[in-house]
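Written below as structure tokens is the structure these notes are about.
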Amino acid sequence: MKRDKLYAGLVALLACCSYKSLVAPEGDKPLEGEVWLTADQVEKSHLRIEAVEERPIVKCLVAFGRIALDEQRVLKIYPPLAGRVTRIHVKLGQHVKKGDPLISIYAPDMGEVSSDLIKAKSEQLLAQKEYQRQKDLFAHHATSAQELESAEGNYQKAVVEVERAKQKMLLFQRFQLDTVTHTYLVRAPMEGDVLAKAVTLGMEVQSLYGGGDLSELLVIGSTDRVWLIADLYEQDISVVRMGDVLNAIPMALPDRQIQGRIEWISQEVDPVTHVLHVRTSFANPDRALKPEMTVRVRIQAQEKRALAIPYRALFRYQDQAIAFMQVGQTSDGRFRFRKVPVETGDFDDQWIAIRDGLAKGALVVTAGGVLLLPNL
């Protein structure tokens, strides 16, 4: 894309400007694909000639991505006990500190918690005795394997029910339930912002340990540090590595630059879009970067050495990438510059690799070459 923009800019420049021919009028006519200049013309056109050399090329990938919440800094709030919401203490977007009240819930079955635990323990004891009896009978070939398996299953279910009743009792104790009003407070487990709110006043909620359908009431998250998730195409998978430098600019905040290193690479390709996700995290102290913001991403991937020329030495001529190579002088001392088709490869901010067309040590025009194009 960068190369196409460069070529388009050069074409526009040539269309808007009229250059006086730089070819010396006297002497032999230049060969096809060549431009001949006197020493005076070379000096006046400010041509710069440099040798083609091997240089380190840092391959860059351009992609799009999005800002996302750091999942390690986000908590979903579920009702620990069944009941009815009597008060909502926070609003969407509100900043809360750890321990701040979020929701008040009226729990009518508070008095049943203790009896539920006693009942569950009693049923567990009976199930355990029956399981032991069936094991003894089976050892003496006095019962079937099916009866033994049934007794074992009932015992395991009873153990689960006791654990559930214990957890329910612990929740009542943890939330310091008001035994007069039968209400308890759900408090913020961490500092952050109320990112989502699905709870309404008077809403009936199911217990986290009740076995029914659950729905999150609130989502609390910290946005002072966020993720950037970029989407790469399949052909780029082999290029990126953990630790590669990633630079990004949010589309909504073009003056803000983000930099990080790839911390995670997805192990699966999205079956629909056929993209691979990579991720980095970074500080967002002013919280200006919001989840789902679109960002333009540039990844500095692997570095390798290759024959390379600067971008300004490359031109588009008749749908072909070319460079101007100095190929000696004429008999009357004029400098010969030949149009050379080239095949390009990887590129970075300054250099573009040459796969074919130029050899190491070849002298190419790296500045002022735009003035040679009208004379071909």
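Here the Cβ of each residue, glycine as well, is placed from N, Cα and C on the backbone.
TrEMBL lists 74-206 with the feature domain 'CzcB-like barrel-sandwich hybrid'.
The feature domain 'CzcB-like alpha-helical hairpin' is assigned by TrEMBL to 112-169. Taken together, the residues of the domain 'CzcB-like alpha-helical hairpin' (112-169) have an average pLDDT of 87.
Secondary structure of the domain 'CusB-like beta-barrel' (225-302) per DSSP (helix as H, G, I; strand as E, B; remaining residues coil): 3 helix, 39 strand, 36 coil. The annotation domain 'CusB-like beta-barrel' is assigned in TrEMBL to 225-302.
Taking H, G and I as helix, E and B as strand and the rest as coil, DSSP gives the domain 'CzcB-like barrel-sandwich hybrid' (74-206) the counts 58 helix, 32 strand, 43 coil.
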